[in-house]
Amino acid sequence: MEQPQPIRIRAWFTEKSHHQSEERDRLETAVEEAIETVASLLSVNRVPGPLLLKRDFNKYCKFLWRNSSSLNYNRCGRVNKTYRNETCLDVTIPDEHLEGCVVYPEPDSTHGTVVRPEGAGLPDADFLLYLHVRATDKCRAEPNVQAYAVHCQTDVDGRPLAGVVVICRESLAGFTYSHHATVQTLIHEMFHALGFSKTLFSSWRDCSTSARCSLRAKMIRPDTSGQMRIYTQSVTSALQQHLKSTDMNVGGPLENKDAGPTGVSSHWEFRLMQGSIMAAVLDDPLTVRIDLLTLAALQDTGWYTANLERAQQLVWGEGLEMTPFNIGVWM
């Protein structure tokens, strides 16, 4: 069986000509360091051959052959004439990164019409990271936001294959720019796109008991105080280690303030996990750590083998019993 190897992340910068030279240099240097760091922490079963993303069938196909007895059953019979491209968070995915698409005008003819040819794909890549520098509405509305991210596509096991990180332009400009803080922000956003996200929690897989992984059931639930937590094997073990606790019922605490209507956040609870790379707020760069709990969570996605030995010790909270009554001392 193939052993997991360090993840190969390929960065793709959009509209580079629109950036100031100094901004571009700052970003490229920070991205390179962030990618190297993540690759040293996470390993995957590598993508064989070039990485190619899929086209949205429902976007390019207007008509589907439904007769199960026809040769072209479930194939596209007519192209949507308004189809232009594939996008992810306002980023247009280049055709060379995408699979081709073919339509079959006749139900029983193997002759198809190529609508878009097969792209070349990206060799030596397990994850494609699109980087988009913009002063977006979100950046303007939330001045404290330096960047934000989404995943774009996943493989058959649910693992993200591509994601977009939007970097708010102001964060790269001026005398207040911090390379160290930018690297941490990029790692934070990459971890979101790679799996630490409320949009991906339901796709996490349990590979602990069998070679055949299964979707995790009810891994996020409230504790007795109403705090939403992640309960998975590695997360519980990491939290026990951090708190120096033997309690088997501890779970990774998720942020309350940005949970939204679902009650689930994409961040650790800041009051309890201050200094974590995946806390809701990244404070002083000198105190931010790529902590054991975060790496344990990424391992428990079922998609990665995390190098837990490289986890950094949090500055605060070690050995402190976590109860509803002492939560304030973590602030």
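Note: Cβ is positioned from N, Cα and C throughout, glycine not excepted.
Automated prediction, rather than curation, is the source of TrEMBL annotations.
Annotation source TrEMBL lists active site at Glu189. According to its DSSP assignment, Glu189 (active site) is helical.
Residues within less than 8 Å, Cβ to Cβ, of His188 (Zn(2+) binding site) and separated from it by at least 6 positions along the same chain comprise Ala147, Ile277, Met278, Leu282. TrEMBL lists His188, His192, His267 with the feature Zn(2+) binding site.
Geometry remark: Glu189 (active site) versus His267 (Zn(2+) binding site), CA distance 11 Å. Residues within less than 8 Å, Cβ to Cβ, of His267 (Zn(2+) binding site) and separated from it by at least 6 positions along the same chain comprise Leu254, Glu255, Asp258, Met278, Ala279, Ala280.
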